[in-house]
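J.: Supplied in structure tokens, the structure appears directly below.
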Amino acid sequence: MVQRLLGGRAKLFLSVGLADLSAMCLGMWLSWSSPMLSKLQSEDNNPLSEPITEGEKSWIGGLLSLGATIGPYLFAFLQDKIGRKWALLLTAAPYFTASVMAAFGAHVALFYISRFIAGIGVAGVFTVLTTYIAEVSDAGVRGMLGSSMNNYLCFGLALGYCIGPYLSAMWLNLVEAILPAMFFVLFFLFAPDTPYFLIEKNRGAAESALCFLRSKPVGDIQVELKEIEKSVEESKANAATFLDIFKTRGTTKALIISVMLVVFQQLCGINIVLFYAQDIFSTSGTTLSEEIPPMIIGGVQFASSFVTPILVDRLGRKILLLISAAGMCVSETALGIYMFLDSRDVDVSAINFFPILTLVIFIITYNCGLGPLPWTVMAELFPSNIKSAASSFTVSCCWLVSFILTYFFGSVADAIGMGPSFWIFAGCTVICFLFTLIYVPETKGKNFQEIQSILNA
């Protein structure tokens, strides 16, 4: 019955769902800063001998992003050498190690190291998971499954926000150690590697994997298998290094578009909101206790993450990116005005719900486009012969910008105020809107060959 309801794709959905558990681990580590920094700054319930300083707080917040700038190159190498499945499985190792280290950390240096190690795992997921999903999916659901990563990521975020304030530092991190262990076991046992990787090693294994993913007998998958075989042979014949990306108009455009989209994803301020949610609300004048607003944000982010998988193959990638940028611009401008007025001692008590309202709108519109779709578009734009090199560079750029923002945000906000800081983010979304409108191609319903033709035109 389930197989019939899913149109013969039950095993495909199972494989992608298990792979997406790695994104849940990622989500918990993105929300980790919000409850943990509060604990590390407190006089009570602090695993350290004394509260951390503002400088130490900036390093703890930023080191995950710094680790994520080097992780893509390691995992790009691994996914080509040992396969997409094993490379994705290995992302569990840094998550597990970092969680155990943070659970028993008694010195701030251990939290530095654990955040950096976790960042390597974060980069691994963004590098390998997008490739895995793109290579196991058929064109009819590739967009929906590509954005499903965001559902799991948002569930991990919501889970971290909900349990973080009520668990000790040790138990919060031990819970975070359970998730990668669970992912490793389930994905190892029940999901195949991609036919694109297996076809080079063992045609029989690729055939079996494709039969499993399509829930079809061997005879019914031969046409698709030959297309995969042809695509891989062309990639091998055109094997390329990173510098080869710039030899053709299409691949150069693909790199520029992908890098700009992930840079705009960070410049909209999303990781500032996720990493410092409790701090933002504590300075906004809201009367709610500090742990409640992040829970609301996490819940809204998880609920709204289902919008894109439903709409992406109906409306297309480009229109959702445009709606997303416009919505974030409006919400951040409004939030900036509220915070600016509050900082000037204007009485805003009558609208103290405004920070939550504007951030709810921000999260919903972010999840409609600029959250999941840069990764979906990235996986669709690059031909397979340069995908690993180009994707790893793109992911690295994303997290380098994230590190710069998270490390310096506190100093900038102190210097110019929280309100003007959000106006800067809003200005970046305006530029994102214009860039998307002019340069980003629509990839809905198109195969890889058609997309390359558009880019090379």
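Each residue, glycine too, has its Cβ placed from N, Cα and C.
TrEMBL labels come from automatic prediction, so no person has curated them.
As annotated by TrEMBL, domain 'Major facilitator superfamily (MFS) profile' applies to 1-444. Annotation comment: TrEMBL describes 12-32, 59-79, 86-106, 112-132, 152-172, 178-199, 254-277, 292-312, 319-341, 353-377, 389-410, 422-440 as transmembrane segment.
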J.: Thinking of Cβ pairs under 8 Å, which stretch from 86-106, 112-132, 319-341, 353-377 has the most of them with the transmembrane segment (422-440)?
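T.: Result: 319-341.
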J.: Is the transmembrane segment (12-32) in contact with the transmembrane segment (86-106), using at least 3 Cβ pairs under 8 Å (sequence separation of 6 or more) as the test?
T.: yes
J.: Check the transmembrane segment (112-132) against each of 178-199, 353-377, 389-410 and return whichever range has the most CB pairs under 8 Å.
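T.: Stretch with the highest Cβ contact count: 389-410.
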J.: Between the transmembrane segment (353-377) and the transmembrane segment (254-277), are there at least three Cβ pairs closer than 8 Å, leaving out pairs fewer than 6 positions apart?
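T.: Judged by the Cβ rule, the two regions touch, with the required three close pairs present.
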J.: Under 8 angstroms, Cβ to Cβ: which one of 12-32, 178-199, 292-312, 319-341, 389-410 has the largest number of such pairs with the transmembrane segment (59-79)?
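T.: It is 389-410, which has the most Cβ pairs under 8 Å.
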J.: Quick test of the contact rule: Cβ under 8 Å, at least six residues beyond the ends. What residues does that give for the transmembrane segment (319-341)?
T.: 261, 264, 268-269, 283-284, 308, 311-312, 348, 351, 354-355, 358-359, 361-362, 364-366, 368-371, 373, 417-423, 425-426, 429-430, 432-433, 436-437, 440
J.: For the transmembrane segment (178-199) against the transmembrane segment (12-32), do we get 3 or more Cβ-Cβ pairs below 8 Å once near-sequence pairs (under 6 apart) are dropped?
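T.: Counting Cβ pairs under 8 Å (6 or more apart in sequence), the transmembrane segment (178-199) reaches the transmembrane segment (12-32), since there are 3 or more.
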J.: Which bits of the chain, at least 6 residues beyond where the transmembrane segment (292-312) starts or stops, bring a Cβ under 8 A of a Cβ in it?
T.: 31, 34-35, 143-148, 150-151, 153-155, 157-162, 273, 277-278, 281, 286, 320, 355-356, 359-360, 363-364, 366-369, 371-373, 376, 444
